[in-house]
């Protein structure tokens, strides 16, 4: 699925070339059973998304992991567009770190893309011994022939934002990317851009704080993150810490795809803001708030005010549109970022959420809506939960969405999601004027899985996508 080229490596030469890539036909996504009451391992599902296929919207393969309660979460590749110039590299393995068990699974997606096989299991003890890290999150491939995985904590569940390095051929644990003793206080996501000698990482909370659910007292106690860490890419050390105003729980971070661009965006979940980070003329980095989703005053909920809870963000490959999900309020949003300092709302669509009519929550004061949104019903299925993980087609015309965040928080905020399972939906995107419209004929119902309702999470295409591939 690479650009046509006589001597090319994986992926595409540029983000704009990637936009010309083939339409997605299958999608991989992890399905979680931890906290659901079903004593079964998490598994990697393969879903057919080709409208011409007789198996359209069906799970066509399930690869169960050999252990229980891993909490599969995010995934990355053995190699991607960062290695486009190396014809010896090919995108054949999907790397799945486990958020809770700290196990890493390497899945063979190259031999038979529609019938995946487990290639290797990296046990937690190997990571603990060589890296003193645990609770693993984001996986990115590097042009150096390595895979880099971020951590949330140490072996005891205290906060520690470090990075595990794997050999991308043998998948042996090589050690940490950062210098010994140089980890950030907390960790979560990261994105690198070698042209500017920079990596920036984000932070959630220590594993001991978030493992079993959300306690508002932990926010008051300052146990949740509110910083970005700027790293020197060549020296592997933190050179700047950016404190975020109105930036509690900065989660997903995205540089612009154009590797010359020295700016990007991060979604701050609890504050429900989008912050733009950028490089100054002097070479240091700054951050500014560019979008604020106002909280809603409510009755019948955990707190008197409900944040949107921005949990995932994406940038289209042409760096024109930014998308994000408000998991609690229930809406997906599209912003035109042609002027990155002044994003302009161009599309909004409600996909479930906590404030739907007829639910337990009453909205008392709302700065944005005149009435509470209707519950979403697709093909007879009432959608539980709210929009969470999102993935955009290469051409930018289709947005896929799942509804599970993290099993412990799902159980707390959306107990019906545990009972009924999550769903995968597809939204049609207007890339000319802007706009979002639900495809009423698309539904993958993970409530009907053979072993019981499952929680489906992050989406990946076999040929790469706009949140896994980094151009250098």
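Heads up, the Cβ atoms here are built off N, Cα and C, so glycines get one too.
What Swiss-Prot records for this protein:
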MOD_RES   2  N-acetylalanine
MOD_RES   111  phosphoserine
MOD_RES   371  phosphoserine
MOD_RES   467  phosphoserine
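Structure with Swiss-Prot features highlighted.
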| residue | record | DSSP class |
| --- | --- | --- |
| 111 | phosphoserine | coil |
| 371 | phosphoserine | coil |
| 467 | phosphoserine | coil |
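Residue pair residue 371 (phosphoserine) / residue 467 (phosphoserine) shows a Cα separation of 34 Å. Neighbours of residue 467 (phosphoserine), defined as other CB atoms within 10 A of its CB across all chains, total 25. Put simply, residue 111 (phosphoserine) is 24 Å from residue 467 (phosphoserine) when counted between their Cα atoms.
Listed in sequence order, 92, 117 are the same-chain residues six or more apart from residue 111 (phosphoserine) with CB atoms under 8 A from its CB. Residue 371 (phosphoserine) is surrounded by 8 other CB atoms, counting those within 10 A of its CB over all protein chains shown.
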